[in-house]
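Visitor: This is the feature table in TrEMBL:
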DOMAIN    A:17-89  domain 'ThiC-associated'
BINDING   A:N219, A:M248, A:Y277, A:H313, A:S333, A:R334, A:G335, A:D374, A:G375, A:L376, A:R377, A:E413, A:Y440  substrate binding site
BINDING   A:H417, A:H481  Zn(2+) binding site
BINDING   A:C561, A:C564, A:C569  [4Fe-4S] cluster binding site
2 protein chains.
Amino acid sequence: MPDTNITDPDFRVTTGPLPASRKVHVAGERFPDIRVSMREIDLSPSANEPPVRVYDPSGPYTDPAIRTDIRLGLPELRRSWVTARGDVEAYDGREVKPEDNGLREGQESPVPLFDRAARKPLRAKAGANVSQLHYARKGIITPEMEYVAIRENLGRQRLAEQAARDGEDFGASIPDYVTPEFVRDEIARGRAIIPNNINHPETEPMIIGRNFLVKINANIGNSAVTSSVADEVDKLVWAIRWGADTVMDLSTGRNIHTIREWIIRNSPVPIGTVPIYQALEKVNGKAEDLTWELFRDTLIEQAEQGVDYFTIHAGVRLAYIPLTAKRVTGIVSRGGSIMAKWCLAHHKENFLYTHFEEICEIMKAYDIAFSLGDGLRPGSIADANDAAQFAELDTLGELTQIAWKHDVQVMIEGPGHVPMHKIKANMDKQLKVCGEAPFYTLGPLTTDIAPGYDHITSGIGAAMIGWFGTSMLCYVTPKEHLGLPDRDDVKVGVITYKLAAHAADLAKGHPGAQERDDALSRARFEFRWRDQFNLSLDPETAEKYHDQTLPAEGAKLAHFCSMCGPKFCSMKITQEVRDYAAAQEGMAAMSAAFKEKGGQVYLSDRPVPEDHH
Amino acid sequence: MPDTNITDPDFRVTTGPLPASRKVHVAGERFPDIRVSMREIDLSPSANEPPVRVYDPSGPYTDPAIRTDIRLGLPELRRSWVTARGDVEAYDGREVKPEDNGLREGQESPVPLFDRAARKPLRAKAGANVSQLHYARKGIITPEMEYVAIRENLGRQRLAEQAARDGEDFGASIPDYVTPEFVRDEIARGRAIIPNNINHPETEPMIIGRNFLVKINANIGNSAVTSSVADEVDKLVWAIRWGADTVMDLSTGRNIHTIREWIIRNSPVPIGTVPIYQALEKVNGKAEDLTWELFRDTLIEQAEQGVDYFTIHAGVRLAYIPLTAKRVTGIVSRGGSIMAKWCLAHHKENFLYTHFEEICEIMKAYDIAFSLGDGLRPGSIADANDAAQFAELDTLGELTQIAWKHDVQVMIEGPGHVPMHKIKANMDKQLKVCGEAPFYTLGPLTTDIAPGYDHITSGIGAAMIGWFGTSMLCYVTPKEHLGLPDRDDVKVGVITYKLAAHAADLAKGHPGAQERDDALSRARFEFRWRDQFNLSLDPETAEKYHDQTLPAEGAKLAHFCSMCGPKFCSMKITQEVRDYAAAQEGMAAMSAAFKEKGGQVYLSDRPVPEDHH
């Protein structure tokens, strides 16, 4: 395999395929030039099974055929799709100001600039609307829509014919097979979104909606003292390597504009931000100094860079703030508390709420999706499903309708900390008041007592709410509530959420979701250790754990494992069982020839127990 | 604090309290000499809150007032309770044979013997039945019953009066306050068990049943080459330190009789075993050589040592074995496959099934509880809830009735690998066919694709099935399917299952369960970092994670954390919100004086949104 990594350590990020994995590309039918990326995991020859195709957000970094160089950015996959529609114009764009990077006038930054070269920002022509929702409602199927249709199917056409659907989807409408028409319909009714700013043509389109595979988001943020843009970009690359479908850049402090540029130019997944964080930096952390004009300018700044979705805390209304006064944990959302502080300081309604339609005008000029923030989400079990939380959710429902009036794509953020018995009420209420707009939840955490393990307490809630209908799950790392996640924490968080999302897909009865489980279980049962590792979400850890007990390479070929050892193995008995059952069936077939209809055949579904006395 | 640990490293185990924790003892009312152990976590003075009482299975090892020495064993707490009933007799007991330890006649073992000194085994006098179920049905409240009643309440009498009950218990009958009478009733109807062999008087009684706190079990096993009994005992001590309520000794190979003696003599929690494992050792791993006589002798051997519950795979009936032939993962239970092999080799009904009533006779002579094994549990998502699994469960229901006829305590083992949407059917069927006998499940794992993270895939299923009514959750460690767990894996497995069990208690609406969550959340919100660590399930890890970002001791007093830093903190805004709300309430109170009844008061539960246009 060619070395696809560049050698300059200042610009080197993690590349290379996962074990036994290859990139495959599936061409479009309606748009023959689109090539949808997937990953195929090859099994050992003894398996005598086809490779297993899996969803793959990792982009070109895991493709040995592509040499990536973060100085150049990723290929602009979607640029021609965007320009071909004839409704955008390039323009000079807003000038980058020192305060965008938290710098004083004339202050130098050690962080190198990404060379935008001749790249000018695009925006909708006057009067145009470039959102996928707008196209969908006009009946237009875009290349983005066909791309996600193919991507969701994972080549599973054959599976739809095979297996009976099994699952409980709580009223979802998951099709056997995803067509571009189905994608368009789901987007048109607001039930799914494709976040993809026209200024982020590097994305491989992905869809978020309850009738599609459950997605996960990973949060990253810049280091307080950044010296290497490679380190910052590698946070993104690392998160998508393990399966993050979108990444939110929650950076604060210095150089955030510059680092965001590096991240977007090198991201094959949608990037989300919370623009109020940067706006707050520009007023030196004094929430009361925020203004609509400064916020609007920040939206334009990020829109031109290519941010794909904005968290907007427009539901934190002045009247709801007192509802949090008697909470155990008050307001825990950072954006929510910024807006609450602003509202209280001015005794005025939230300017994100009063200027919401103007925000919509910006969103539709770039096709940025709303992620309507839950600034009043509960921060503890005690505060779950309270008046403040649900008052805000009602408002998010109103705002959804306004966004939809503008043909702007919307998803809704959800909690937080919620005990298991109160999770479904969140989903049911969100579906009802937000018209089935995609729900995007943080966990929820199902207890408060396990700091250090909150990826797990929240993974429980995430799997459940994903099953009930949540479209995207925002990960939580083991460091939640305690500190900043490092590389290992990010990986553990992503893998935990991948397994939670997959558990949800299985329970919803998503067609073909069980294919990977079955392939892995067959590998496990047949002692194909390499296949078991390679099919797992984290092959490195699986192999490492195996090798801690049985390090010899030969043990990976052994037909036993460390649990029972070579002397006795439960799995070895299966062949004897199969031989026995075959013999019984043979006898039964013979005797059946002599029996009347209605005679008892051995091996019925439920044998009649003998009297055991 | 005195050094309560002994200095000889050959006999040294982990001792000492968890941070900020003290042992407290609550005396009985009916039996004033019983002293029920609990743990109290002290909060910092600035909290101005009482200590938080938590359930504590760790025994004397975390009590600085008690000097433990594994050579002497733990105090025989229950011995006088057992003998006072006048229905037991001491006898010489079975002679220990070399094959009990996997040794040849005359072969020496390097493992020292525990000095049983004058300890003779006890058994029921002829015709007597010493099970708690037998006493309960006769209307007798034993000290064990009062002990568990006090233990379950955790001094929460006051809480029952405070808070409205909140939760969904799916038809459970959880009382506001547990009385000894309630315990007796629950045991009498088979809905709960107190596993405590009369030959294991060292136990602090605990109860397993759906109307009590959800319990967890940890599995341990001997090392292939054992040199230190302290290492073996410390596996137990370590597991209970972090919260294991019972421990199963799944040892195989040499010296298992001797090591089991060390474990039981030093265990304050019930010990479970799978006797067929040892029986198989005695026939050199050849399942077909097993006999009822040899198995019976093994039961007596372990009964005299004091094993509290036996996993018995009596539901693996000959007729069910062919039902597994077409499974993806056949028979994955070790005990199940041993019995399947025996049945096939002899083409005979399972001898555990045919001799079940004779087993009951042994159980009631020592008060050993059945843990009826699910030898045909699914080993993959594909095999969940299939005909083999449910046929066996029906048989376990029949066997439950037989055990109850003998007044023998019973719980039922459950899966395994089950996708989320099929979990509840397991619980519902178990409740129905097994007459509400306690369910004891292994997870279940909700996907097959995450080896290395199966504590999490199974923690999801465990929390859910615990909520639905499962009484005890058998832990799964990160090494499941891959290798043998080390000390860190055991801890991660126990903590994961503690949080899953707690999530279940919260969702069931267990009275007082939320007390610890609320105390921790208040600590979190008030930046009492030490209190947050100390209230968590794993204080060491919480502090370590915090210190990775902010190592300075002063940061633990700081009113900010590493997520937002000192400049802006969402939690600091709360005081402003509270001041504001108080001002609003003050105004509202004033204006209310002038208003008619029915006039609108600010701060209603759900403010009417203003029109936002």
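Here the Cβ of each residue, glycine as well, is placed from N, Cα and C on the backbone.
Because TrEMBL annotations are produced automatically, they should be read as predictions rather than curated entries.
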Visitor: Mind pulling out which binding-site residues among A:N219, A:Y277, A:G375, A:R377, A:Y440 sit under 8 Å from chain B, Cβ to Cβ?
Guide: none
Visitor: Could you check the binding-site residues A:G335, A:G375 and say which one's CB has the fewest neighbouring CB atoms inside 10 Å?
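Guide: Taking A:G335, A:G375 as the binding-site residues, the minimal 10 Å Cβ count falls on A:G335.
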Visitor: For the binding-site residues listed here (A:N219, A:S333), tell me which residue's CB has the most neighbouring CB atoms inside 10 Å.
Guide: A:S333
Visitor: DSSP-wise, what's the residue breakdown of the domain 'ThiC-associated' (A:17-89) into helix, strand and coil?
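Guide: Here the numbers are 13 helix, 19 strand, 41 coil.
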Visitor: Would you say which of the binding-site residues A:Y277, A:Y440 has the most Cβ atoms within 10 Å of its own Cβ?
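Guide: Output for this query is A:Y440.
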Visitor: May I ask which residues of the same chain, at least 6 positions away in sequence, place their Cβ under 8 angstroms from the Cβ of A:H417 (Zn(2+) binding site)?
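Guide: When sequence neighbours closer than 6 are ignored, A:H417 (Zn(2+) binding site) has A:T329, A:P378, A:G379, A:S380, A:I381, A:D383, A:A384, A:G443, A:P444, A:L445, A:D448 within Cβ distance under 8 Å.
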Visitor: For the C-alpha pair, I'd like the distance in angstrom between A:G375 (substrate binding site) and A:H481 (Zn(2+) binding site), rounded off.
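Guide: That separation, Cα to Cα, works out to 17 Å.
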Visitor: Among A:N219, A:M248, A:Y277, A:H313, A:S333, A:R334, A:G335, A:D374, A:G375, A:L376, A:R377, A:E413, A:Y440, the annotated substrate contacts, find the widest CA pair distance and round it to a whole Å.
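Guide: Across A:N219, A:M248, A:Y277, A:H313, A:S333, A:R334, A:G335, A:D374, A:G375, A:L376, A:R377, A:E413, A:Y440, the widest Cα separation comes out at 20 Å.
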Visitor: Indicate whether A:S333 (substrate binding site) is helix, strand or coil by DSSP.
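Guide: The residue in question, A:S333 (substrate binding site), is coil (DSSP, three-state).
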Visitor: So of A:R377, A:H481, which of the binding-site residues has the fewest other Cβ atoms within 10 Å around its own Cβ?
Guide: A:H481
Visitor: To what whole number does the mean pLDDT across the domain 'ThiC-associated' (A:17-89) round?
Guide: 97
Visitor: Rounded to a whole angstrom, what is the C-alpha distance between A:Y440 (substrate binding site) and A:H481 (Zn(2+) binding site)?
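Guide: Distance between the two Cα atoms comes out at 20 Å.
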Visitor: Give the three-state DSSP assignment (helix, strand or coil) for A:Y277 (substrate binding site).
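Guide: In the DSSP reduction, A:Y277 (substrate binding site) maps to helix.
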Visitor: Provide, as an integer number of angstrom, the distance between the C-alpha atoms of A:N219 (substrate binding site) and A:H481 (Zn(2+) binding site).
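Guide: Approximately 14 Å lies between the Cα of A:N219 (substrate binding site) and that of A:H481 (Zn(2+) binding site).
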Visitor: What whole-number Å value do you get for the CA-CA distance of A:H481 (Zn(2+) binding site) and A:S333 (substrate binding site)?
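Guide: With distance taken Cα to Cα, A:S333 (substrate binding site) is 12 Å from A:H481 (Zn(2+) binding site).
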